[in-house]
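Asker: According to Swiss-Prot, the [4Fe-4S] cluster 1 binding site annotation covers CYS81, CYS116, CYS145. If you look up Swiss-Prot, you'll see CYS221, CYS225, CYS228 marked as [4Fe-4S] cluster 2 binding site, on the strength of sequence analysis. Annotated compositional bias 'Basic and acidic residues' per Swiss-Prot: 23-32, 47-58, in sequence order. Among the features that Swiss-Prot reports, domain 'TRAM' is placed at 438-500, with the record citing sequence analysis. Taken from Swiss-Prot, the feature region 'Disordered' covers 21-61.
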Amino acid sequence: MQQLEQDFPGNDIDDIEDLISAEDVKPQERYQNKKSVTVRAKKRVQIKPETDAEEKPTPRPTIYESVIPGTQKVFVKTWGCAHNNSDSEYMAGQLAAYGYKLSGKDEADLWLLNSCTVKNPSEDTFRNEIESGMSNGKHIVVAGCVPQGAPKSDYLRGLSVIGVQQIDRVVEVVEETLKGHSVRLLQNKKVHGRRVAGAPLSLPKVRKNPLIEIISINTGCLNQCTYCKTKHARGDLASYPPEEIVDRARQSFAEGCCEIWLTSEDTGAYGRDIGSSLPELLWKLVEVIPEHCMLRVGMTNPPYILEHLEEVAKVLQHPRVYAFLHVPVQSGSDSVLGEMKREYCRKDFEHVVDFLRERVPGVTIATDIICGFPTETEEDFEETMTLCGRYRFPSLFINQFFPRPGTPAAKMERIPANLVKKRTKRLTDLFYSYEPYAQRVGEMYTVLVTEISHDKLHYVGHNKSYEQVLLPMRDNLLGTRVHVRITSVSKFSMVGEILDDERDWTRCAKKQEAPMELTITGRNRDKLIQRYVGIALVVGSLAFLLQLLIRFL
């Protein structure tokens, strides 16, 4: 399996993307108004390709005018959430299927940069990477939420852009860019006039981790959070049909994956636009998960999971579903939540956590906090501290507020930076004051081993609660399910020793033969390249004969 820039995804939980408008309505009222919402696509102005040469950066030299497509090297880099990572894998898969070679940045002819708009620092590094590529004579194609949400940004002028719903057209954009052209595809996809979730899930992939399939079950959301820029890029909720998601899961297991991550801007809102629901989808997926394989449910905001708590709790108890849920609270203050337009109250969040902890043995709840939101008072922050101190979340993602251009929160009066840093430090100190795994030494678990640790010194497995267990790097261990005993612990993980002999390690049920078009590796990729080269030679020969015929006549 060809790899992207990194060998495997990191051990962090990446899909932490909460997704703006006004109208001061109470959170519960706003939520009640949306319970029967039908999402309709908004008309958007099509952005035409750049034609003003004076506004463009110095064009890169044209390196591709060959009749043989896909003979260059492409470097792919991704920022942001699991949804973005999945999009990059799809784009890499199509490029590989067409014959392009995925490579490191130095040897690449073209850089494909897939961006994230959640925070200022990630956009800053994205901009710096563009400048680096341009200064090194690379052709640049940008993708993701930054150009989709702010396509007229000065530093994007003259660059080719792939919109978040146009990733299935990456090959033609790359080809035209290599010819020296600038192409911008930012339109929404529609079927019978209705906006759909995006590119087909059946596209080929080059997975960053060949053992893990990331499936985007919907794009966009139903929220209007005042701090969020992602809403500008991903838009309103649009869900994939359950059958398409199940087919993708089945195909992924057939290709050798042993773990599936469901991701979106809000998995809890899944299906509201198509007459389905998250529990309905989960029960259908459970039916196709092979023995010893696992499913992880992605981030869900509190309002939309409240209606389905009973069913979600039952699904999380299933032996092939991780007892894990990421539910971002963002603040422990009802006042701040109202200013954020989060559409729930603190008690709603507490009910979700209490219910799941009572019904799902060993469940892990992860959450997010934004420190220093413009309206946050000292009393508001103390409520957040109390909430986090009560639940002692094993996974707590602490973020300083960043004013994103074009959002209502960016127009609010900001809290002094030193006060934001002080509050962030206090909450961070609280988080590090407790050890979630302190009493685990000697405990035994069954773990599924799917990743390599950041330091490249251990394999990483997860138990039923999706808690990290570091294991020695032994041959043939990746992709297996093993029994372990915990020998030591740290703040974020446990270290285990393997109790089984290698002959007792178990793998996912034997994979089926996968269709060639979805397996872009080794022999199949070579066949595809040979096919394109053969077609090109035939076309070239016909052109040569036609030219001779014209001269003769």
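In case you wondered, yes, glycine gets a Cβ from its N, Cα and C as well.
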Asker: Ranking the binding-site residues CYS81, CYS145, CYS225 by other Cβ atoms within 10 Å, which is at the bottom?
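Answerer: Least crowded of the binding-site residues CYS81, CYS145, CYS225, by Cβ count within 10 Å, is CYS225.
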Asker: For CYS145 ([4Fe-4S] cluster 1 binding site), what is the secondary structure by DSSP, using just helix, strand and coil?
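Answerer: Assignment for CYS145 ([4Fe-4S] cluster 1 binding site) reads helix.
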Asker: In the predicted model, what is the mean pLDDT computed over the domain 'TRAM' (438-500)?
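Answerer: Overall, the domain 'TRAM' (438-500) comes to a mean pLDDT of 98.
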Asker: Could you check which of the binding-site residues CYS221, CYS225, CYS228 is the closest Cα neighbour of CYS145 ([4Fe-4S] cluster 1 binding site)?
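Answerer: Checking each of CYS221, CYS225, CYS228 against CYS145 ([4Fe-4S] cluster 1 binding site), the shortest Cα distance is to CYS228.
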Asker: Expressed to the nearest Å, what is the distance separating CYS116 ([4Fe-4S] cluster 1 binding site) and CYS228 ([4Fe-4S] cluster 2 binding site) at their Cα atoms?
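Answerer: That separation, Cα to Cα, works out to 12 Å.
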Asker: Under a three-state reading of DSSP, tell me whether CYS221 ([4Fe-4S] cluster 2 binding site) is helix, strand or coil.
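Answerer: It is in a strand.
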Asker: Give me the Cα-Cα distance between CYS81 ([4Fe-4S] cluster 1 binding site) and CYS221 ([4Fe-4S] cluster 2 binding site), rounded to a whole Å.
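Answerer: For CYS81 ([4Fe-4S] cluster 1 binding site) versus CYS221 ([4Fe-4S] cluster 2 binding site), the Cα atoms are 15 Å apart.
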Asker: Could you give the number of helix, strand and coil residues in the domain 'TRAM' (438-500) as assigned by DSSP?
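Answerer: Counting residues by DSSP class gives 0 helix, 32 strand, 31 coil.
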